[in-house]
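**Student:** Pasting a structure below so you can have a look.
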Amino acid sequence: SDRASDGRNAAANDRASDLVALTVRGCCTYPPCAVLSPLCD
């Protein structure tokens, strides 16, 4: 059942990275934030 907890952790990590991606996208469309963010190109 280690595999089951690995699956849960992977799902949590996917959700966390989705949230980061949404936050970065929102920041990059907002000029005062985009200017400060190295993640916006």
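Think of each number as a place in line: the chain as shown, counted from 1.
Cβ coordinates come from backbone N, Cα and C, glycine included.
Dumping what Swiss-Prot says about this protein:
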type	residues	note
DISULFID	C27-C33	disulfide bond
DISULFID	C28-C40	disulfide bond
**Student:** Write down the Cα-Cα distance for C27 (disulfide bond) and C40 (disulfide bond), rounded and given in Å.
**Tutor:** 8
**Student:** Take the Cβ of C40 (disulfide bond) and count every other Cβ within 10 Å, whichever protein chain it belongs to.
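**Tutor:** Its Cβ has 15 other Cβ atoms within 10 Å.
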**Student:** Would you mind checking how many other C-beta atoms are within 10 angstroms of the C-beta on C27 (disulfide bond)?
**Tutor:** 17
**Student:** Which chain-mates of C28 (disulfide bond) that are at least 6 residues away have a CB under 8 A from its CB, listed by sequence?
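**Tutor:** Expected: A34, S37, L39, C40.
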